[in-house]
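Student: Pasting in a structure now, in structure tokens, and then I'll have a few things to ask.
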Amino acid sequence: MRRLKSDWKLSTETREPGARPALLQARMILRLIALALVTGHVGGETRIIKGYECRPHSQPWQVALFQKTRLLCGATLIAPKWLLTAAHCRKPHYVILLGEHNLEKTDGCEQRRMATESFPHPDFNNSLPNKDHRNDIMLVKMSSPVFFTRAVQPLTLSPHCVAAGTSCLISGWGTTSSPQLRLPHSLRCANVSIIEHKECEKAYPGNITDTMLCASVRKEGKDSCQGDSGGPLVCNGSLQGIISWGQDPCAVTRKPGVYTKVCKYFNWIHEVMRNN
């Protein structure tokens with residue numbers, strides 16, 4: 001693997017949109033993403049396997065979190081300055097890309113922001129981020145608000161949890177194969193269903209709490225995978241889950257993906273945004 005002289009250092013080109021011409025900004029985004037794809041830098045512990053290419057901009061709340069050249073995690077836009085992602089994705093700062101579809105091309109819909117403020121759940125075990133998955137939820141506050149367009153829109157939160165059997169959708173730029181890494185250029189989607197909590201507990205004995213939920217289409221082996229962490233599980237038009245963890249290799253029969261159950265954190269999310 002070719003090694004860069006150093007991680008991609010964001011210089012004056014990383015100022016907020018408007019500080020540079022649109023063309024220069026677009027080139028910067030392309031360079032950032034291209035470096036990540038070429039070097040294979042994909043972050044996040046979790047596991048879209050056997051999905052399909054999303055219709056362009058059909059998931060306008062989808063966010064890509066980068067750290068320098070590294071595709072760190074997915075995230076979900078929930079307010080003009082706020083993202084929701086997994087706590088195990090936490091870093092000191094992020095480059096945030098919104099309005100993306102094909103990471104090798106620009107279509108004028110892209111927006112970029114920076115963020116240095118993260119608010120992981122206070123009960124998340126940061127000393128064991130890849131082993132203890134309880135309370136794997138975090139808010140990220142961007143340095144400036146985004147502009148809502150057809151390609152950039154927030155996703156609704158709901159205090160009501162969904163029932164087993166509900167059809168949902170997951171999305172991300174994570175690897176499309178496992179255990180080998182194969183990174184897609186375009187955003188991938190997969191249709192999954194919520195699984196009974198007892199079945200989830202049987203799949204991962206002793207590791208499932210009431211703030212987690214499982215989803216998959218086990219007959220077809222669909223699942224989220226590396227690089228998808230922090231991304232959305234969308235059910236009935238609302239954010240019901242955050243991609244958190246699962247079996248490695250991904251999409252193994254009888255081993256569903258595990259998600260943070262967002263409805264259980266509805267009050268906490270709004271409290272953090274209100275106080276910050």
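Cβ atoms are placed via backbone N, Cα and C, with glycine included.
Pasting the feature list from Swiss-Prot:
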ACT_SITE  H88  active site, charge relay system
ACT_SITE  D136  active site, charge relay system
ACT_SITE  S229  active site, charge relay system
DISULFID  C54-C189  disulfide bond
DISULFID  C73-C89  disulfide bond
DISULFID  C168-C235  disulfide bond
DISULFID  C200-C214  disulfide bond
DISULFID  C225-C250  disulfide bond
DOMAIN    48-274  domain 'Peptidase S1'
CARBOHYD  N125  N-linked glycosylation site
CARBOHYD  N191  N-linked glycosylation site
CARBOHYD  N207  N-linked glycosylation site
CARBOHYD  N236  N-linked glycosylation site
SIGNAL    1-44  signal peptide
Student: Taking the domain 'Peptidase S1' (48-274) alone, what is its mean pLDDT?
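Tutor: The predicted confidence over the domain 'Peptidase S1' (48-274), as a mean pLDDT, is 88.
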Student: In whole Å, note down how far the CA of D136 (active site, charge relay system) lies from the CA of C214 (disulfide bond).
Tutor: 14
Student: Using DSSP with the three-state reduction, classify N207 (N-linked glycosylation site) as helix, strand or coil.
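Tutor: Going by the DSSP assignment, N207 (N-linked glycosylation site) belongs to neither helix nor strand, so it counts as coil.
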Student: Do you know offhand how many angstrom separate C168 (disulfide bond) and S229 (active site, charge relay system) by C-alpha?
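Tutor: Given the Cα positions, C168 (disulfide bond) is 16 Å from S229 (active site, charge relay system).
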Student: Taking 10 A as the limit, how many CB atoms besides its own sit near the CB of C89 (disulfide bond)?
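Tutor: There are 29 of them.
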Student: Looking at the active-site residues listed here (H88, D136, S229), whose Cα lies nearest to that of C54 (disulfide bond)?
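Tutor: Of the active-site residues H88, D136, S229, S229 has its Cα closest to that of C54 (disulfide bond).
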Student: Does anything in the same chain, at least 6 positions from D136 (active site, charge relay system), have a Cβ under 8 Å from its Cβ, and if so what?
Tutor: A86, A87, H88, H121, F124, I242, S244, W245, T260
Student: Among all the protein chains here, how many other CB atoms are within 10 A of the CB of C54 (disulfide bond)?
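Tutor: That number is 19.
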Student: Report the member of N207, N236 (the glycosylation sites) whose C-beta atom has the most other C-beta atoms within 10 angstroms.
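Tutor: It comes out as N207.
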